[in-house]
């Protein structure tokens, strides 16, 4: 391809790479020194070279070799192919000095410079032909066989965006406007919000400050396509000499090719919708230790009531075996569990052991839930919450409830008859007999007893709250960019953790205490320890705000949901992203792990609850029914029931046992992502419970499986 060779030679000359220029000239058998136009024709079979010139290596599909055309390395064309490939590699190194190659793709380590990022749009295609190119491809795809059409239709959206941005960048504003108006209506409905942002970018200057635009440019849009469909597309574009589109496919898209049957429209629709397309299959291949850690063993003493009952009747003890089961449930090591010392966890204090004993006693009286035995629901409504309720949490033993408010206050209530008390002053404490049995009672100041404590300190709305497992501490995060740790002994702020530069949307304590996670508008999640004022890990990878965070029950992993419509699972040990789940069509606002650690449930603004198998990295279910954003998800204590709470003022209960039984997770499904979701999620819906006019923002199962729900009454 004469034009490309001329362009490459000019680039080499401008870069003072005379030697390379000479090598290419000899390989291509180019005569004469005039690069302007009188370059002798290349003595090779042109199609092979033309294909290569338009297909830089390391773009799109990852290949070991560089050639695509019908030329062998021994022929003249093959040598030119090799030379051009080598030059592209060289030019990539010149353009990206801080980059390193991974599987043929160029990965830039630092956040790229805006102008460098945008300069990739400096294509010199004829602006008037863009509509023709796009409609030509559209016609080809719409006329292709049904089995290929669904897969190739995935190209419409990313190509539309990149062609539009290319026109805008090269200042063809009227053509860009006409292109947008003609084709934006053809895009899938779940891209409407992105298209609204795109429609506001009408000048080159607008592109520099726009984050969505930069994300789209720097992260390759991932499409999963079968080999047959891909070959069909490649053949069509080469026959039509449609270099403009082929360049975009190679430059900006990552095509994840699999062998086997093409996927159906329904299978594709279930998985697409995120800001950067689907997850690459490699992203979900790492081993995840999703099992639970072995619980420490201790004897469960009998209650007084039990002893009395048994003494009266004089019969063998009835309740004890039950309790033993509770203790022995976790004695066998789970084969999927991480090593006990994989991450350092805090040691159990005496008070923690006491609490675990209480927990086991409660568990012995736990109601076994199921389709025939649904939980009672107790709803806490916040009335007159004119300060705007923005976050809720309930302690594990259901004794306290906290609300975060838009007026920057954090309010803690006791929901048992026991009032909240602060510790006495230092002078009073010195008078107490430290050896007495009830020293823990004596240190509390009765004069401070009240049902409500208000904590002041934040300077913006409080978006997330979380109690520590031992109920001694409370976390809150705010629009002011800080996470605060409060003492529930003194009801004062102990630490303000500064690390996020923007609003922090969510925070949560680890199930073992000590560690906590926060996520915010700066697109990263941070892992902290209560005694470090700097984060221990920074989890970066989301393309938009991290809206919700959750610890896995074994504390070795953290799930984050984002406004980029993906969920990521991070390894606490090394900070790596080990799972990327795509399928939601709106920002994620709720996450819940099943008690056995195997599954994850996620809820979003699209009103759908999606269920994921963490070990295989697959979507295994979709629960439809809510008509508005889902803000709360919680599994019952034994994992039989999943409760979801939404802005549509309802709590819905789903049969989790049925949802997860008979899962198809064979090797083929895992390898290709051909998921087959059950058609009717209504079979799994066990009940819908309406409130009068209260959106549900939090759900919590007590230790005996009573469901607590919370929200603020809205008068509209």
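Any Cβ shown, glycine's included, is placed from N, Cα and C.
Automatic prediction, not curation, is the source of TrEMBL annotations.
For 300-311, the entry in TrEMBL reads compositional bias 'Acidic residues'. The compositional bias 'Basic and acidic residues' annotation in TrEMBL covers 323-334. Sequence annotations record features per position, and here TrEMBL assigns domain 'TFIID subunit TAF5 NTD2' to 125-253. The region 'Disordered' feature in TrEMBL is assigned to 300-352. According to TrEMBL, the feature repeat 'WD' maps to 382-423, 455-490, 497-528, 539-580, 581-614, 623-655.
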Where among 382-423, 539-580, 581-614, 623-655 do we find the most Cβ pairs under 8 Å to the repeat 'WD' (497-528)?
539-580
Could you please provide the mean pLDDT value for the repeat 'WD' (382-423)?
91
Structural state census, the repeat 'WD' (581-614) (DSSP three-state):
0 helix, 20 strand, 14 coil
Quick one: DSSP breakdown of the repeat 'WD' (382-423) into helix, strand and coil?
0 helix, 22 strand, 20 coil
